[in-house]
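A.B. asks: Once you've had a glance at the structure underneath, I'll fire off some questions.
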Amino acid sequence: AQEPLSVGLAIGVAWALTSYLSHPSFYCSYVECCPSAERRLNATALKVQLDSKLFGQHLARDVVLKAVQGYSTNRSPKKPLALSLHGWAGTGKNFLSQILAEHVHGAGLRSKFVHLFLPTLHFPHHDKVKLYKDQLQTWIRGNVSACPHSVFIFDEMDKMHPGLIDAIKPFLDYYEQVDGVSYRKAIFIFLSNAGGDLINQAALDFWLSGKQREEMQLKDLEPMLSVGVFNNKNSGLWHSSLIDRNLIDYFVPFLPLEQKHVRMCVRAEMEARGYLVDEQIVQAVVEEMTFFPREQKLYSDKGCKTVQAKLDIHED
């Protein structure tokens with residue numbers, strides 16, 4: 001038989017060990033946990049990363065930084081943060097959303113609290129829109145219940161069935177709770193090529209007027225962009241209640257990329273691969289890209305989207 005002192009000591013040690021292992025600071029170092037209400041997004045670190053990695057998008061960088069900084073320091077937001085990113089492919093919409101997700105949840109797109117939706121994968125059939133609406137609401141409700149700081153990214157909104165995205169309207173509205181769940185700490189990001197033509201034309205007109213690209217302000221584009229997306233049947237937000245009810249906080253324009261920005265992308269990709277930057281290779285990749293308008297050849301028609309593939313053929 002064991003002595004009472006030995007049994008008591010063993011129980012005490014076991015209790016202490018269990019308490020230590022179950023403590024959030026220890027547990028969350030091995031298992032991803034939802035951020036606590038006290039944790040604040042590091043806007044300075046986000047700015048540094050956007051400054052060094054997002055090329056040619058001063059508007060998108062400044063707008064998102066302002067929106068996220070204000071949202072993260074607000075202890076009692078009235079609604080979730082909703083950003084709608086617009087522009088042609090390869091201009092940085094996906095890249096920015098990934099960077100933002102990583103600053104909210106360290107694992108980024110791999111995080112169980114970051115949810116990426118692709119219309120062609122998750123909502124492929126036109127005749128099942130009602131089912132998709134129910135599934136989407138259930139999915140968002142369940143994940144925000146598990147983590148109020150969930151991030152939802154809807155890519156390729158221009159391929160979304162008209163009216164489908166309106167299913168999430170109750171979650172974006174100014175309600176304290178919906179069915180006992182608060183959505184005010186969540187972030188919703190919509191990515192779309194819709195409005196890209198309007199943005200490109202505005203950038204070209206700005207250039208033709210002799211103004212510098214960096215002089216463009218959000219007020220020069222956002223009103224036109226929101227109206228254009230609202231009236232575009234292929235935007236995913238056509239006549240959407242999200243726009244009609246002013247539930248999208250910012251329409252973020254991504255400008256077409258110039259040749260100098262493509263060069264930046266090539267250099268960054270070479271550095272990411274551990275290569276020394278060779279300006280001859282940089283120039284060779286740029287020369288394989290196509291630019292518009294035909295006369296001026298100002299803007300890359302694919303942004304930086306094909307840089308990786310084109311750089312592959314120049315590897316030794």
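Heads up, the Cβ atoms here are built off N, Cα and C, so glycines get one too.
Automatic prediction, not curation, is the source of TrEMBL annotations.
Reproduced below are the annotations present in TrEMBL:
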type: BINDING; residues: GLY87, TRP88, ALA89, GLY90, THR91, GLY92, LYS93, ASN94; note: ATP binding site
type: DOMAIN; residues: 257-312; note: domain 'Torsin-1A C-terminal'
A.B. asks: Across all the protein chains here, work out how many other Cβ atoms are within 10 Å of the Cβ of GLY92 (ATP binding site).
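C.D. replies: The Cβ of GLY92 (ATP binding site) has 27 Cβ neighbours within 10 Å.
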A.B. asks: Taking the centroid of the Cβ atoms of GLY87, TRP88, ALA89, GLY90, THR91, GLY92, LYS93, ASN94 (ATP site), which other same-chain residues have Cβ within 8 Å of it?
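C.D. replies: Sorted by sequence, the hits are PHE95, ASN193, PHE254, GLY303, LYS305.
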A.B. asks: Judged by the number of other CB atoms within 10 angstroms, which among GLY87, GLY90 is the least packed of the binding-site residues?
C.D. replies: GLY90
A.B. asks: DSSP helix, strand and coil counts for the domain 'Torsin-1A C-terminal' (257-312)?
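C.D. replies: Secondary-structure composition of the domain 'Torsin-1A C-terminal' (257-312): 29 helix, 5 strand, 22 coil.
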